[in-house]
Amino acid sequence: MTVEQERDEAELARMGYKQELKRELGLLQNFGVSFSIISVITGIPSLFLYGLNTGGPAVMVWGWVAASCFTMLVGLAMAGESYSHPTSGGPYFWAAMLSKPERAPLASWITGWFNLLGQVAITTGISFACANFLSTACTLKTKFEPTPKTTIGIYAAVLFTQGLTNTFGVHLLHYLNNVSVWWHAVGTFSLVVAILAKAPSHQSGDFVFRRFIDATGVDGVGWGVRASNAYVVVIGLWHAMNLEYLMTLSLSGFDASAHMTEETRNAAMSGSIGIVMSIGMSAILGWFLILGLLFSIQDLDATLTSKTGQPVTQIFLDTVGENGAIVLMVIVIGAMYFCGQVPTFSITSNSRMMYAFARDGGIPGHQFFSKVNKKWRSPIRTVWLACTLSFILGLPSLGSTVAFSAATSIATIGLYISYGIPIALRLINHKEFVRGPFHLGPFSFPVAIGAIAWIGFISIAFILPQVNPVNSQTLNYAIVAVAIVITYCAGFWLLSARKWFQGPVKQIAAEEMGIDVMDLAMAEKYAEVAKP
């Protein structure tokens, strides 16, 4: 064992955990996980139609700049937490560590469930986007006509391949991660250069930077008329923030770097740098992609009403022809596949968070899901749990055209709330916080306050109705999912969890006393033994 490995394991032991996952990732791989999940080439094409209809080019261009700046505030605030507490639990663990001891279980309980909701939704968004683009690609030079049922079938196949890849362990991700980083960077750059170089004509700067479009009304009367253009701008930011995760697709999956710290060498610094680097690189690359696509639009009306159902595909067809469009679609679909499919970085982050939560008894069936496969040293059971839950969340798309949009909103809301809780606790309990070498000094408080304000804003903005009028087909169902999680968290906590859930337990100390902390009954015993 190297000195670096000993230091990483000692740091993990300091927080009360023993090393179980295999540390094979370096700084580049850790950064690559977040960079791949943020995947601007996944989110921007997936939500391009929404952006054009909701504010148009002006809101897409400047909304991306604003969202990137505020997201960086959240990332910087999170980076300090990651350095001080590098563990797979991420925000869930930080919330407990930053709370008063008597409030730590509740803080970690709420944070953990919101993070789990966001993680599942982000996987749904990424995988469903890939399925949609695969369906669209299959229509080129064929007579294939996609239906909701065929798309769900492709979606299931995509999730299945994700699960298979993660089943084989981290050693595969080590190589696939490197490929993914270059695929996203070089692929995005090549795509933009290709469409700009081959486009018969280009849109004016006035169109790209100033054109405002309000097509948010099913009957032609948009929210700009019914409410105000300011409302359209607010809900238009949803495009900028959900660019990856579809990710949500926003820039919100960057906490994957934190979830992978138990498998990363020099975990503390790698996790923090991975968070900040992934946001910065994605912000620049995403703006470059948005500008390239907007300047390459040939006919706005034809792009909006494309028979392919994807305006980005229409841009490809108009600029590089059908053969070229197929090549560019392969680049986009490949990025989506790296983002959430074969290399399964979304599933990777998702399963690690579930593993950490289960390890502390936070989810039903925790004794079963907290096991790490001895051969592959990977939480395989939570890998398949993540795939199953993501498939279930995607099923409403069979009956609702807004299900996919809701998934991306849910991802952003769930993840950002789970980010906001530890950041707020860091401010409240700043006297007890032990900061590491990665910190912002006197700027820590202003950055944290700005991050919390942004999280509060988007948490409200992303549950607002996006299409006028509001009915069963246009309702933003994100509020329903969030309400279910809040009801479950509060209800289960009051009825049962408060009696036994201790948050991130001190695993090493408990096992030295012969206590299995993954057993609920034993958790209560440990709580008694651990009392001062």
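Just so you know, glycine gets a Cβ as well, placed from its N, Cα and C.
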TrEMBL annotation (transmembrane segment) - matching range among 181-201, 223-243: 181-201
Selected stretch (most C-beta pairs under 8 A with the transmembrane segment (59-79)) from 181-201, 275-297, 440-463, 475-495: 275-297
Best-contacting stretch, by C-beta pairs under 8 Å, relative to the transmembrane segment (410-428) and drawn from 116-140, 440-463, 475-495: 440-463
Closest-packing stretch to the transmembrane segment (116-140), where packing means Cβ pairs under 8 Å, from 181-201, 440-463, 475-495: 475-495
Sequence-remote partners of the transmembrane segment (181-201) [C-beta within less than 8 Å, at least six residues beyond its ends]: 28, 31-32, 35-36, 39-41, 281, 285, 288-289, 291-293, 295-296, 298, 315-316, 318-320, 324, 328, 331-332, 334-335, 338
